[in-house]
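Asker: Sharing a structure below in structure tokens format, with a few things to ask.
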Ligand code: PHE
């Protein structure tokens, strides 16, 4: 084994990594996207495939990312490069590190806009600006909120500044320290909302909606969306988890921490559903109202409930905190890279990346007002950032890292890092070599639109393809024997 890099920063607390990684994973994806996707793709059926995707694709990919980070002990670019070099491979492979870092940066530039909505809504909730009798009134409030570039820009700038302050303070003093109160605080607020929902009607319907599984409702679009969302919600292929993994002490188990983070993330997404849908059902609204669910339907629903105005404040505080803990993780890779490679201080690195980020996010913000018709192929700048990152860069990064770990790099590295029992290691390999890649290829086929995928009727073919590819792959792979004979 070659000498490992000496870590400069490590999480100090017992729960340091878990808190930070869960903070990264739990965000707008859980509280904004997951509920509306569940609403759109038919409730329980979507929840079930989503859980399967987390288990088969998300968890193995997260273990892989943390292993890369801890082995390489550096920003994703350097971590991937070092691990590749340790296996006698060229620098070129660090391209996947570059792509992850870039994806994190690009996601953050539109994420701060949505996080800005959340702060703006918190302010409106506090100052009584969320009044209206119908969904149309709420849509008008949402429209007015976006129409003014100055106020919209001010809110996203505020998010950027707070993020950079936290990151600039350093891994332990900034990130770890703040996560210690932000995460428990967020969960507490979510629990308050659920307890309220239990006693205020609509709870039973929400539970049925989320957990009753009807095979007929399972759509291919839902399955593909669930796969893509598994990456997004676990913060994979965006530099975040790998950058945090670089600070994971050697004695911690990667498998155990990964499961903890993935379980917390999933539980919080489901809890968000249990906090939001009861209000929607109690007021006879449509759960499938899309991205406007929490900004239009939910405020309207709250208005009609006792203590709704208090609840609304609680909800938007929680949402803002969740967004912030994720935002911090998206820029960590860039800041780590600037400090390690360009010799900058944490503060200088945070503020200089903050400025570039601010420029990019301003363009994203303008997509809602002045720049609404700056479109290319029907998508504005905001939509492009979202589309490129979640449909292409994250899956491509995931595919690259999984295949590298599965086929290209020395297996001892991963045995060393993951420290799994033999059968568990074989299972992990099966996932990163075949199951995740096939899933990701389906996402690409769908994004390219070259073939219409109907998993409902074609699933036996997909299963057969998976088996054939696995058997062929294992027969051709020189490592097979060594795998099972030790
Ligand atoms: N996982 C975060 C969420 O669910 C988003 C995120 C993506 C965070 C990529 C970091 C990196 O909102």
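Quick reminder: no glycine exception, Cβ is built from N, Cα and C everywhere.
In TrEMBL, annotation is done automatically, which means it is predicted and not curated.
Positions annotated as transmembrane segment by TrEMBL: 12-32, 44-63, 96-123, 152-171, 183-203, 223-247, 259-281, 313-338, 350-372, 392-409, 430-453, 459-477.
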Asker: Should the transmembrane segment (223-247) and the transmembrane segment (12-32) be scored as in contact, given a threshold of at least 3 Cβ pairs under 8 Å and pairs 6 or more apart?
Answerer: yes
Asker: Which sequence-distant residues neighbour the transmembrane segment (259-281)? Criterion: at least 6 residues beyond either end, Cβ under 8 Å.
Answerer: 18, 21-22, 25-26, 29-31, 34-35, 38-39, 47, 51, 54, 58-59, 62, 187, 190-191, 193-194, 197-198, 200-203, 205-207, 209-210, 233-234, 287, 293-294, 297-298, 301-302, 305, 315
Asker: Is it the case that the transmembrane segment (430-453) and the transmembrane segment (44-63) touch, counting contact as three or more CB pairs under 8 Å in which the residues of each pair are 6 or more positions apart?
Answerer: yes
Asker: Please give the sequence-distant neighbours of the transmembrane segment (152-171): residues at least 6 beyond its ends with Cβ less than 8 Å from one of its Cβ atoms.
Answerer: 9, 11, 108, 112-113, 115-117, 119-120, 145-146, 177-178, 247, 323-324, 327-328, 331-332, 335, 346-347, 349-351, 353-354, 357-358, 361-362, 365, 368-369
Asker: Let me spell it out: take the transmembrane segment (96-123), skip the flanking residues so only those 6+ beyond its ends count, and list any with a Cβ under 8 Å from a Cβ in it.
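Answerer: Those are 27-28, 32, 75-81, 129-130, 145-146, 151-152, 155-160, 163, 237-240, 242, 295, 299, 313, 316-317, 319-320, 323-324, 326-327, 329-331, 333-334, 337, 353, 356-357, 360-361, 363-365, 368, 382, 385-386, 388-390, 393-394, 396-397, 400-401, 404, in sequence order.
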Asker: Residues of the same chain, at least six outside the transmembrane segment (392-409), with any C-beta under 8 angstroms of its C-beta?
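Answerer: Result: 57, 60-61, 64-65, 67-68, 80, 83-84, 86-87, 89, 93, 95-96, 99-100, 102-103, 106, 228, 231-232, 236-238, 429, 431-433, 436-437, 440-441, 443-444, 447, 477.
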